[in-house]
Amino acid sequence: MLSRKGIIPEEYVLTRLAEDPTEPRYRARERRARFVSKKGNCNVAHKNIREQGRFLQDVFTTLVDLKWPHTLLIFTMSFLCSWLLFAMVWWLIAFAHGDLAPGEGTTVPCVTSIHSFSSAFLFSIEVQVTIGFGGRMVTEECPLAILILIVQNIVGLMINAIMLGCIFMKTSQAHRRAETLIFSKHAVIALRHGRLCFMLRVGDLRKSMIISATIHMQVVRKTTSPEGEVVPLHQVDIPMENGVGGNSIFLVAPLIIYHVIDANSPLYDLGPSDLHHHQDLEIIVILEGVVETTGITTQARTSYLADEILWGHRFVPIVAEEDGRYSVDYSKFGNTIKVPTPLCTAHQLDEDHSLLDALTLASTRGPLRKRSVPVAKAKPRFSISPDSLS
């Protein structure tokens with residue numbers, strides 16, 4: 001409407017206003033929701049849980065799983081409620097004994113220097129926190145006051161023990177150690193020993209080792225059974241291998257973990273075109289081991305979607321020997337280079353080995369035959385002008 005009146009030029013009219021409502025509208029395919037995020041968090045929302053009381057049966061685990069603000073709020077309210085509760089008890093004891101009556105009393109009070117609820121509240125804090133100012137004290141006049149003193153001390157010790165244990169468990173949780181276990185941002189598929197392999201790189205930034213480290217991998221995809229049952233998250237275990245074979249790894253330096261795509265692999269019919277079309281595929285990698293310093297089992301997780309798998313790439317070397325020891329350049333941790341790789345599935349490669357022979361023949365031509373050019377006649381491929389240096 002504004003463009004018709006000449007207020008907004010015609011070329012600045014929004015596309016949404018200019019499109020024909022009778023024409024069908026197309027939109028890009030939405031990206032598949034992750035089952036496990038890149039940082040290892042499970043992308044699952046639990047809804048309509050009826051038996052909420054099950055969480056209260058394990059109060060300690062519930063407190064540890066809560067976020068820090070909620071945990072601190074619960075402990076703060078626990079201290080305040082216990083102080084107020086016992087302050088009311090001390091005030092009632094003083095009121096029943098007549099210690100709150102005005103005037104100089106000839107009888108010995110149950111608790112000295114308690115004249116109001118405020119003084120009873122201060123005495124409750126002094127008893128539970130064991131401050132010991134010395135202005136108020138329990139006398140031998142009331143046995144009930146002695147019993148309440150013992151009960152409040154026990155309650156205070158229990159709250160302190162639970163709070164310290166919860167804080168210790170939250171600060172020493174296993175996932176804190178997993179923050180320094182890193183995975184490559186992309187996974188690659190390339191030839192290794194004449195077979196197509198799915199490869200990724202894993203590393204540990206700390207010097208303290210992960211003992212008995214093992215790595216597992218699962219493929220998660222949406223499948224339909226022959227009976228018509230739709231399984232939205234069908235999980236299939238696939239074997240992972242390293243340089244020494246098996247799932248156990250010695251994670252001192254970054255390692256390239258690979259999976260040989262053979263006839264038993266769920267990636268046997270996966271080709272480069274499937275990756276480009278964002279196939280409904282997610283590969284979850286789980287690294288698990290025991291922390292050397294604490295003895296706690298830790299687990300690091302990540303996942304790779306179809307568009308995060310690079311076909312025909314290989315990781316660059318990052319470990320070098322310098323001054324009698326090995327050094328790791330983490331700036332190249334996720335860097336890859338293109339390598340000759342058949343543009344077919346592992347199934348097609350097993351059926352037609354000529355694809356691999358043709359690829360090997362093509363890769364041996366050209367780069368190995370290097371023309372020798374005399375140094376004196378060699379021409380520079382580029383030159384640096386004085387303007388470029390300024």
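Each residue, glycine too, has its Cβ placed from N, Cα and C.
Per Swiss-Prot, the features are:
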- 66-92: transmembrane segment (TRANSMEM)
- Cys110-Cys142: disulfide bond (DISULFID)
- Phe133: K(+) 2 binding site (BINDING)
- 143-171: transmembrane segment (TRANSMEM)
- Thr341: phosphothreonine (MOD_RES)
- Ser385: phosphoserine (MOD_RES)
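Cβ environment of Cys110 (disulfide bond): Ile93, Ala94, His97, Asp99, Val138, Thr139, Glu141, Cys142, Leu144, Ala145 lie under 8 Å away, each six or more residues apart in the same chain. On a Cα basis, Thr341 (phosphothreonine) lies 80 Å away from Phe133 (K(+) 2 binding site). Of all the Cβ atoms in the protein chains shown, 19 others lie within 10 Å of the Cβ of Cys142 (disulfide bond). Each of the recorded positions Phe133, Thr341 was scored by other CB atoms within 10 A of its CB, and the lowest score goes to Phe133. Cys142 (disulfide bond) falls outside any helix or strand according to DSSP and counts as coil.
In this structure, Cys110 (disulfide bond) belongs to neither helix nor strand by DSSP; it is coil.
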